[in-house]
Amino acid sequence: MLVGVVLLILDLFVAVHGQGFTANVTKLLNSLLSRSYDNRIRPDMGGPPTKVTCNMHIKSLGPIEENDETFFMDIYFRQSWYDRRLIFSFPGIDEFSMSWLFLEKIWKPDTYFINGKKSHLHGITSPNKFIRLRNDGLMTYSMRLTVASQCKMYLRKFPLDSQKCSLIIGSYVYSVIEVTFYMRRSIGYFMLQIYVPITLVVCSSWISFWITPSDSSGRTSLGVTTVLSITTLGFGGRSSLPKVSYATALDWYVIICFAFAFAVMIEYAIINFMDKIAEDIRRLLEEEAKKKSELEATANTNIDKSLEVDEELEEIDAESLEVHPKLRYNFLPHRWFSVPADLSSQSIRDDLPWTPVPPVTPSSRRSPVQTWNRHALAVILKLWKNFNFLPQGKEGLSEKGFSQIDIVARRAFPLAFAITMTTYTLLYAYYITDMSVDDM
């Protein structure tokens with residue numbers, strides 16, 4: 001019973017003491033914020049300038065939007081200054097931590113972010129800010145902000161670039177401070193989403209070198225598929241990539257890969273074109289050989305027939321005791337007095353064969369286009385013969401039916417691609433530097 005009475009007395013004492021302590025703090029704050037305190041006037045008005053110290057704790061940095069040239073930060077922004085009008089002395093207390101409601105009654109610096117775009121204060125569940133007052137008049141004001149700041153970016157090396165972005169803090173016409181962030185981009189995403197897939201597509205386009213030229217549908221479909229795949233991967237999803245007036249490192253890579261894939265189709269077109277030229281030249285040679293053989297056969301036939309006629313004429317002349325080697329007409333030297341000399345002894349043979357001469361028609365003449373084509377083929381034929389490159393029959397193909405161009409391309413294309421990619425990497429890693437915006 002006695003113990004319970006003692007505990008009750010202690011509880012009453014603590015309650016009375018706590019109420020008294022709270023009342024004393026309330027009186028102290030009321031006295032500090034008396035009618036003589038004007039929150040519209042800065043501390044030490046008319047005296048030395050008020051120095052505001054700023055610091056911040058960065059919780060997260062990002063995302064970075066290249067399209068808008070903006071970077072985001074989630075920070076705790078703190079400001080400290082001295083207000084000698086709020087110096088106090090209270091037994092056992094050196095510092096008061098108060099809610100954001102107290103901020104409406106005191107002077108605060110009008111600090112803002114000069115290059116901020118969409119900054120906002122977090123307000124869930126209550127405004128994320130507080131004030132701390134020390135007995136020597138030091139005020140510490142802290143708040144949680146998400147800052148969207150503008151940053152001029154130089155993207156020639158994108159996505160192998162590094163950027164220098166600044167956060168400028170000022171107070172209207174007063175001095176400003178600038179915080180500079182140096183950021184280097186991580187290329188893991190771009191390696192997995194663009195670089196590696198496009199490289200594999202380019203390598204897959206070389207499979208056509210192992211497809212026989214006669215399979216035109218297979219080679220054409222493979223070439224078109226690789227070109228469309230590179231177009232989709234490299235140029236299709238550019239909505240999230242920066243839109244700039246110059247080519248970035250990623251653009252050059254996509255263009256190079258597109259050129260290599262397109263060159264594979266050009267290589268197959270060259271093979272078909274050269275095969276067509278070779279076939280036309282072979283046909284031309286066959287026609288010339290056929291005409292030559294026909295002319296030789298006709299000449300031999302005419303010679304044989306003329307010999308037979310000469311023998312018959314000599315036999316006839318021998319019977320008439322006159323030798324005339326050939327049937328001919330003799331004319332006097334002057335045409336207007338020329339009369340056949342002696343035709344009575346010569347007989348006209350009606351049994352000799354007559355060869356009709358075909359009439360010359362416009363259709364039988366060679367058109368200018370055909371003549372030009374034949375001349376062009378003749379020039380190509382001469383060049384190919386000089387370089388021993390003209391395929392005769394199936395000499396232009398290997399044992400398995402592949403063109404010599406395909407066999408050379410199997411090594412030339414991978415080697416050229418490897419050299420180009422090595423040069424690309426060295427240029428953007430060591431020679432092409434990040435240029436600051438001031439140097440642009």
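The backbone N, Cα and C atoms fix where each Cβ goes, glycine too.
TrEMBL: automatically predicted annotations, no manual curation.
For reference, TrEMBL has these:
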- 26-185: domain 'Neurotransmitter-gated ion-channel ligand-binding' (DOMAIN)
- 194-300: domain 'Neurotransmitter-gated ion-channel transmembrane' (DOMAIN)
- 1-18: signal peptide (SIGNAL)
- 190-211: transmembrane segment (TRANSMEM)
- 252-274: transmembrane segment (TRANSMEM)
- 412-432: transmembrane segment (TRANSMEM)
For the domain 'Neurotransmitter-gated ion-channel ligand-binding' (26-185), the mean pLDDT of the predicted model: 89
Positions whose Cβ lies under 8 angstroms from the transmembrane segment (252-274), at least six residues beyond its ends: 194-195, 198-199, 201-202, 205-206, 208-209, 213, 216, 219-220, 223-224, 226-227, 230-231, 233-235, 403, 405-406, 409, 413, 416-417, 420-421, 424
The domain 'Neurotransmitter-gated ion-channel transmembrane' (194-300) - residue tally per DSSP class, helix then strand then coil: 90 helix, 0 strand, 17 coil
